[in-house]
Ligand SMILES: Nc1nc2c(ncn2[C@@H]2O[C@H](COP(=O)(O)OP(=O)(O)OP(=O)(O)O)[C@@H](O)[C@H]2O)c(=O)[nH]1
Ligand SMILES: [Mg+2]
């Protein structure tokens, strides 16, 4: 027989309703209390519903923020993007960390090959050296304005002091046979190409190096820049391929993921240390790589070589060979942040914020990372119209360097010119532009430790002191002046000194209110000031 409640109504067999139904023998007083409580609950429920409705309306209004990252090549755009991912979607960033393994190995191997090509003409001439050669603490010779190569090989602060492994220390008196060392490391040339192949979708042919390769191992091939730098068209291809390898990543054991990461698509198995898998080769060559990087004569030859062109992150990986070349290596946040893969075209990255910094902040950001070389810049324009904000990166350490694509053009001059074009664009009149004066870490080292004269390359700096703070103040004022004089309408000048390879200080920059306030507004008109 159906059960009746205190109101004489039939109680359904729905277990929830059964549970919530008033007792059959409810007294009049109990009934009154229950009805009063139910009214309070209904009112509270309506309040919550309304809050959720308002939140939905607000979220819709906030929409998603679109941010365009601009600046010359190697200014740090992609590195800044990775900082955003790490700061606001750390779980997503970390879930992808292992897919950077091959890029990191490619960076490392490319640097070793570049060093060998640069120093072998000199070192194979005399052929012998000892690891205990006199220290080379002298400053590098002055850099010609047209030669960016020396400046791209800053002696890392850790380099002279980095601890030798016990085996290396004990063998420090043994003369190095460079012919044997370079022959031993020659296997890395094939490995560089193998790693590159793994990053290219299988349906695309792999380009051949032109016959007359330059000091950096490449020429103008389909996937090489004018100075031989490898690139892929999009990050999604290699990341997707890799995540397919990972399968149900979270359910797999760490070692199974790592094993796949370490071998790439090469031979499908971890294999032993001496197999033909990528990590196997690296493990076999690990000691030779360390010997090469720590050898004083190699370093001296590097500084003298006018053709050397190492990435800014080269020293970081070379200093960490011991940690990185491991069978079950998992990249750290810093390893991923430093990984260099040149951007080509315009790449959209969606960052879904895992935590909200401010109530007004959009929960989804679309960030557009562009290739920064001159030939890429025309591709930026179609994106101008739809942006809420632009982050413009100017690497201040580039004051004594020239563009790879135009060796008559000073890189700092190029940044001034590019910034001027961006701020004066009518299409961008209402878009907030945030300037990152980047690579401050390298800049400090060049001024404080290498004693490079700023005014030698920037004559307008005049007789002012060759001091970091003074030069930074000058640079900031210069960019501010450009913004003030060339913006089609008044615009607030936002600028930050950054070293975007430093994730902690960059996170602070990204989180301070002044930076976010303009970004929080999804309405394009909100940027008119
Ligand atoms: N030391 C140091 N290195 C940096 C800094 N910012 C970027 N780098 C390094 O500079 C190199 C170029 O950085 P990317 O972020 O790839 O430059 P990009 O602007 O995206 O360059 P394109 O993709 O060619 O347009 C990488 O090796 C970075 O690790 C910095 O503040 N300090
Ligand atoms: Mg890039």
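Cβ atoms are placed via backbone N, Cα and C, with glycine included.
What TrEMBL says about this one:
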- 126-168: region 'Disordered' (REGION)
- 129-146: compositional bias 'Low complexity' (COMPBIAS)
- 312, 313, 438, 439, 440, 441: GTP binding site (BINDING)
- 343: Mg(2+) binding site (BINDING)
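Annotated features, which come from TrEMBL, shown on the structure.
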residue : record           : contacts (Cβ under 8 Å, 6+ apart)
313     : GTP binding site : 107, 338, 339, 340, 501
438     : GTP binding site : 71, 75, 76, 80, 393, 394, 395, 396, 498, 499, 500
439     : GTP binding site : 76, 312, 395, 396, 397, 398, 499
440     : GTP binding site : 396, 397, 472, 497, 498, 499
441     : GTP binding site : 499, 501, 502
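For the residue listed as 'Mg(2+) binding site', other Cβ atoms within 10 Å of its Cβ number 22. Taking the mean position of the Cβ atoms of 312, 313, 438, 439, 440, 441 as the GTP site, the remaining residues of that chain whose Cβ falls within 8 Å of it are 76, 395, 397, 442, 443, 499, 500, 501. Residues 312, 313, 438, 439, 440, 441, recorded as binding GTP, reach a greatest CA to CA spacing of 14 Å.
With a cut-off of 6 Å between Cβ and the nearest atom of ligand 2, the binding-site residues 312, 343, 438, 441 reduce to 343.
Under the three-state DSSP scheme, residue 438 (GTP binding site) falls in the strand class.
The number of other CB atoms found within 10 A of the CB of residue 312 (GTP binding site), across every protein chain shown, is 20. When secondary structure is read from DSSP and collapsed to three states, residue 312 (GTP binding site) falls in the coil class.
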